[in-house]
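As recorded in Swiss-Prot:
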BINDING   Asp36  [4Fe-4S] cluster binding site
ACT_SITE  Asp293  active site, proton donor
BINDING   Gly437, Met438  substrate binding site
REGION    476-517  region 'Disordered'
COMPBIAS  498-515  compositional bias 'Polar residues'
Amino acid sequence: MRLALWMYQGTAHHGVGRIANSMRGVHAVFHAPQGDDYVNPIFTMLERTPDFPRMTTSIVSGRDLAQGTVRLPETLRAVDAQVHPDLIIVCASCSTILLQEDLERMARSAGTSAEVLVYDANPYRMQEVRSADGLLTTLVQRFARPQAPLPTPSVNILGPASLGFHNRSDLICLRRMLATLGVQINVVAPLGASIHDLERLPAAWATIAPYRELGQNAARWLEDQFGIPALTDAPIGVQPTLRWLRRLVETLNEAGARLQRLSTPLRLPPLTAFSLDGMSAPSSVPWFARTADMESYSMKRAFVFGDATHTVGMVKFLRDELGMQIAGAGTYLEEEAEWVYQELKEYLPPDDSGSPKSSFLATDVFQHVARRIADLSPELVCGTQMERHACRKLDIPCLVIAPPTHIENHLLSYRPVLGFDGADVLADAVYTTATLGMEKHLIDMFGDAGLDYDEPQTGEPRTENQELRVENRASANGHPEAGVSVGAAEPSAAPSRSVVTEESNRATTPSSSTVHPVWTPDAQAMLKKIPFFVRGRVQKNVERYAMQHGYATITAEVLVEAREALGG
């Protein structure tokens with residue numbers, strides 16, 4: 001476990017906390033040392049709810065271990081008396097699991113009135129996503145009871161959870177679409193559900209589980225055990241939402257015929273019924289994508305990285321509905337990498353051999369992702385909070401589309417990702433994040449007009465001249481780790497009026513991989529005439545061309561030569 005580094009996923013007991021904090025009448029107790037109680041303040045900081053996190057840490061200290069004292073039964077009794085939960089979930093943290101203690105015996109000795117579930121969330125076998133999904137599946141298997149089907153079309157919604165990416169807004173969007181169809185919601189879990197709600201899950205006609213990371217295994221179990229069909233597609237984008245609605249109607253009609261409870265088949269209403277005002281188109285994306293502003297995006301390249309659900313949905317949305325080019329994609333969920341690749345292989349650019357595999361990245365090491373972004377230099381990155389940090393150093397616009405996130409992505413306002421409303425939200429986010437560069441370009445052309453605009457004083461081009469240097473260095477535990485740092489090229493004095501010939505410009509002794517070309521004033525002046533929003537890529541391509549061809553100095557002639565060779 002790379003505890004010293006940023007991680008895309010939380011630890012296993014963080015996943016347990018997400019499920020417990022989502023549900024009503026459920027409380028998590030972590031058997032952990034003082035340092036492992038960091039999970040509690042994460043929920044306090046990020047979750048926009050008025051309630052305290054539904055979790056307690058039963059502290060294990062060195063003195064307790066030396067004296068053979070066990071605090072867990074006492075903590076369970078205190079939680080039972082103060083909180084009065086229906087269910088207490090007990091799990092060990094990544095530290096205390098090494099003690100190999102019998103938590104089942106400790107829990108039984110507490111004698112609580114609440115039911116106690118000891119969940120084996122081994123942090124050396126699983127992380128946040130698998131832990132949360134495994135716990136939800138366990139709870140569904142434990143509490144679901146055979147039920148008579150409801151008399152009207154109904155669905156379960158599995159997946160929305162505490163600290164989920166825009167999950168609360170997604171749930172509102174799903175509720176609106178289902179209400180428009182006249183479909184009843186039986187149970188939403190884990191968000192807002194109690195263990196008594198889980199008992200009622202088999203009464204639904206179908207189960208909606210839009211997130212591959214959470215809820216789909218439980219939905220499949222319900223399908224296997226009770227014959228409840230599961231819809232596992234994520235309606236991200238206008239066309240996927242239309243397909244999702246048609247499939248939902250078809251599934252419910254088939255279920256109604258099987259159950260002999262549907263006299264009149266469900267039908268899709270006019271699409272205007274799904275809009276906020278009930279009169280207009282449900283989404284503005286189809287016409288907005290054809291405007292002059294969005295037509296310019298057809299020449300822009302995007303790199304997408306995140307979890308499985310949002311990476312696949314965002315790549316298809318950018319290419320199919322906004323017309324952007326996909327420079328590459330990837331996921332940090334390595335167990336989902338094959339599924340993500342199969343979904344996206346038709347969207348990824350192929351290499352010289354015709355295979356798109358080189359454009360796909362499956363890793364949970366954020367430095368590898370930062371290196372890929374630096375190599376591709378796309379106009380837009382859609383990623384996580386980690387990619388936002390990397391892109392800030394690279395001066396590349398970044399849109400957060402998947403966890404892990406920071407507090408600015410846990411909003412009070414209605415910002416769904418799913419459905420027609422989500423398509424509008426995503427289109428707005430792409431448009432406001434990707435840099436048109438017109439304001440800075442106009443300032444370059446006509447001056448700042450008295451505005452506070454700092455022109456670089458070094459004579460070097462703007463921050464596009466900064467480059468990402470990814471270097472291996474030893475960490476404190478002796479293992480090499482990749483580090484990301486940003487630095488500008490060292491300023492070098494260039495001859496003011498000298499003429500540099502092609503022969504004298506050639507780098508002789510150093511290899512091209514170690515020489516950083518120096519820009520002459522005339523080349524810098526020519527570079528500044530290139531629009532701001534493509535200047536960075538032009539500069540990087542010219543510098544790469546110069547290093548490949550052994551030029552130690554980039555003159556105006558070298559710049560022209562490079563642009564002609566590179567086709568631009």
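Our numbering is plain: 1 for the first residue shown, then up by one each step along the chain.
Using the three backbone atoms N, Cα and C, a Cβ is placed for every residue, glycine included.
Taking the Cβ of Asp36 ([4Fe-4S] cluster binding site) as centre and 10 Å as the limit, one finds 22 other Cβ atoms among all the protein chains shown. Across the structure, the residue listed as '[4Fe-4S] cluster binding site' and Asp293 (active site, proton donor) are spaced 49 Å apart at their Cα atoms. Asp36 ([4Fe-4S] cluster binding site) falls within a helical segment according to DSSP. All chains included, 10 other C-beta atoms sit within 10 angstroms of the C-beta of Asp293 (active site, proton donor).
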